[in-house]
Structures are given as structure tokens and as C-alpha cells.
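Going by Swiss-Prot, these are the annotated features:
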TOPO_DOM  1-24  topological domain 'Extracellular'
CARBOHYD  ASN9  N-linked glycosylation site
TRANSMEM  25-50  transmembrane segment
TOPO_DOM  51-70  topological domain 'Cytoplasmic'
TRANSMEM  71-88  transmembrane segment
TOPO_DOM  89-98  topological domain 'Extracellular'
DISULFID  CYS97-CYS175  disulfide bond
TRANSMEM  99-120  transmembrane segment
TOPO_DOM  121-142  topological domain 'Cytoplasmic'
TRANSMEM  143-161  transmembrane segment
TOPO_DOM  162-187  topological domain 'Extracellular'
TRANSMEM  188-210  transmembrane segment
TOPO_DOM  211-236  topological domain 'Cytoplasmic'
TRANSMEM  237-260  transmembrane segment
TOPO_DOM  261-280  topological domain 'Extracellular'
TRANSMEM  281-305  transmembrane segment
TOPO_DOM  306-366  topological domain 'Cytoplasmic'
Amino acid sequence: MMSPDLDLNFSSNCNLYDHRPVARVLIPLVYSIICPVGLLGNALALHVVISSTTKINSITLYSANLAVSDILFCLSLPLRAVYYGLGFHWPMGEVLCKAIALLFYLNCYAGVNFMTCLAVDRFVALVFPARLAKLRKAKNVRFVCLAIWLLVLAQTLPLLTIGLTKTEPDSSITCMEYPNFEGVFKGLPYMLIVAVVLGFGIPVMTIIACYSILTHKLHQAAKSNQLTERSGKTKKARGVIAGVVFVFVVCFSPYHIDILQYMIRKLLYETDCKELQSFQISLHITVCLMNLNSCLDPFVYFFACKGYKQKVMRMMKWQVGTHFSSVKNSAESSGTGDVLGTRRNNRIIMNNVGEDQQICYQPSAT
């Protein structure tokens, strides 16, 4: 293994940004899609979760915190898109780089933890509904949510103590790039391996285990009750579970596996410039994939939550109704009755948006 000084000099003499012409177009393009979709989708999800329930429970608390973490995460993307659009150049200073890094990593791993909590909560609701009922009480869940935010904040605050920007040989200033960390932490490979295990390995195993048991239990329930199977509820629940697991694994696995394999190689032998270049490119690709999770979560809400789906459809109907109302109003000056009828329909739709809806499918009554 290289010494920190040699490792730093090695990365400085190795051109890690040959893919700049492609990255400065594709990455901002991806972020320009993820950011608005993620912000709008999660804002709507948060609105549905908060406004469409008469009683706060564990599911609504975890879902609301997940939506908040996704929204805050999306807020870090515009400046990151500017950075990539400028060809890996950060002209906004060290302080703002640290602030964006903190916002990025804090909400990324807060989201992972809240997704894990949702999996455990649904598992407890089905397998141990009476024995572990205290864990699902709103008062206790609030403490769990607060503990998650504080824990992830404590893990990411050290980022503020180190320099995250670096002036490259071509005078460009990079921000939050892997080579900027080399030489700062002596045991960087060990630290990142532990971080991957704690921040991704344990959560993904927990999520897969909980949802696998849930799927098995739902399958058993469907076999013993044909009426339940014919209703399609268990089939829908299994589909939702598969979607949640699929989105989590596809979005988060490549990034963490990429880091893990490279850190293991660094511990086994001295990696060369070509390997570091490949790792740098793969990091930029897998980070984009990980960011995609923040705008896919609302689609999981859409299919899993009745209230979310109905509110989206009603808002779309209201927009269509308003459009046709405007067209008729301008084209038919004498068509007063039709216009009034359209307005009445719009008012009905707007009133229905405020109705209480079932937030999320839960596998058993609690």
C-alpha cells in the first residue's frame, strides 16, 4: 500500500478528468431531470402524508422524514450540476463546497436509514404486531427519527474539518472528488470499507430480510384465504415490496460496490493510473444512479399509497378541466351554461382533493 504522500502525488500526476467533455453534458442533463422530478414528487408525497391522515403513526412519520431527506438531497443537485457543467470546476469557494457535501451525504444516508426503518416497521407490524407494538408508537418513532438525523449528522460533520476543494494542474478547482480525500486520511481504505458496511451493507441486508419474510407471510396468507388472493391485495403488496427492494438495490448497490472493490484492491496492491481513472469515471456514473433514487421514491409512493395516487390523478383532472374551461370561455362567448357546469365540476374535484385517504398499504391491522 502506498504512503499518503506518495498516493497524493500519484493522483496529482494522473489525469483523472479525460471524460470531461462527455461528463459536462450528460451529468447536468441527468441532474436537471432528477432535481425537479424529485422536488415535485417528494413535495406532493409529503403533502399527502401530512394532510391526508387523521392520526400520526409510524408509517406516516418514517415516510414524511424520508420525503424531507429526499427534498433536501435534491436541493444539493443544482450547484452540483453547475460544477459538472463547468467541466469539474468549482468557483464558489470552499465553504459552499462543504455545505453542499454535508447536504448531499447527510440526506443520502438519512434516506437509507428511513427506508430501513420502514422495512423493519412493516416487518414488526406483520410478524410481531402485539409483542413489539411499543416500537411502532408515534412517540417512540419520533425519538427514532431524531436519533437517525443526529447519528447521520455526527457521521458527516467531519467533512467540515477537511479541505474538500483542490486546485488541479490545469487551474480548475474540483469539489467532493475522491482524489481530494487521498492524503487527508491515513487509513482511508479502511474507513471507507467500514462506512460501506455500516451505511449500506447492514441496511440492504435488513431491507432484503424484512421484505423477504413479509413476502413469504403474504404468500402463506393468500394460500390459506382464497378470498384475500382473489381480491388482489396480496399480489399488489408483493409487487410493491419487489419495487421497493428493486429501486433500493439498483440505485445504491453499484456505488457502494464500486467503492468497496477499489478500496480492497488498494489494500492488496498499488493501483496504477489507469485503474484510478476507471474508478473515477465509474464513481461519477454510479453517483448519478444513486441520485436517481430521490426521484424514484415518489413513484414507489405512487404505486404503494392510495392517497398519493388519487391526489395525483385528481390534480391532473383539475388541470385538464381548467384547460378546457379556458378554451370554452374564449371560444364560446354565449356558452354560459357549459362554462358554469365546467366550473362546478372543477370545484367538486378541488373539494375531493382534501378528502382523507388511506396513506399506504399496510400488511396487517395494527
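Using N, Cα and C of the backbone, Cβ positions are placed for all residues, glycine too.
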Secondary structure composition of the topological domain 'Extracellular' (261-280) [DSSP: H/G/I, E/B, coil]:
16 helix, 0 strand, 4 coil
Neighbouring C-beta atoms (10 Å sphere around the C-beta of CYS175 (disulfide bond)):
23
Three-state secondary structure, which DSSP defines for CYS97 (disulfide bond):
helix
Average the per-residue pLDDT over the topological domain 'Extracellular' (1-24) and send me the rounded value.
69
Are the transmembrane segment (188-210) and the transmembrane segment (99-120) near each other by the rule of at least 3 C-beta pairs under 8 angstroms (pairs 6 or more apart)?
yes
Could you give the residue numbers and ranges of same-chain residues that sit at least 6 residues beyond the transmembrane segment (281-305) on either side and whose C-beta is under 8 angstroms from one of its C-beta atoms?
19, 23, 27, 30-31, 33-35, 37-38, 40-42, 44-45, 48, 63, 66-67, 70, 73-74, 77, 108, 111, 178, 239-240, 243-244, 247-248, 250-252, 254-255, 258-259, 312, 358-361
Under the DSSP assignment, what numbers of helix, strand and coil residues are found in the topological domain 'Cytoplasmic' (51-70)?
14 helix, 0 strand, 6 coil
For the topological domain 'Cytoplasmic' (121-142), the number of residues DSSP places in helix, strand and coil:
16 helix, 0 strand, 6 coil
In the topological domain 'Extracellular' (162-187), how many residues does DSSP put in helix, strand and coil?
3 helix, 8 strand, 15 coil
For the topological domain 'Extracellular' (89-98), what are the same-chain contacts with Cβ under 8 Å, counting residues 6+ beyond its ends?
79, 83, 159-160, 163-165, 172-176
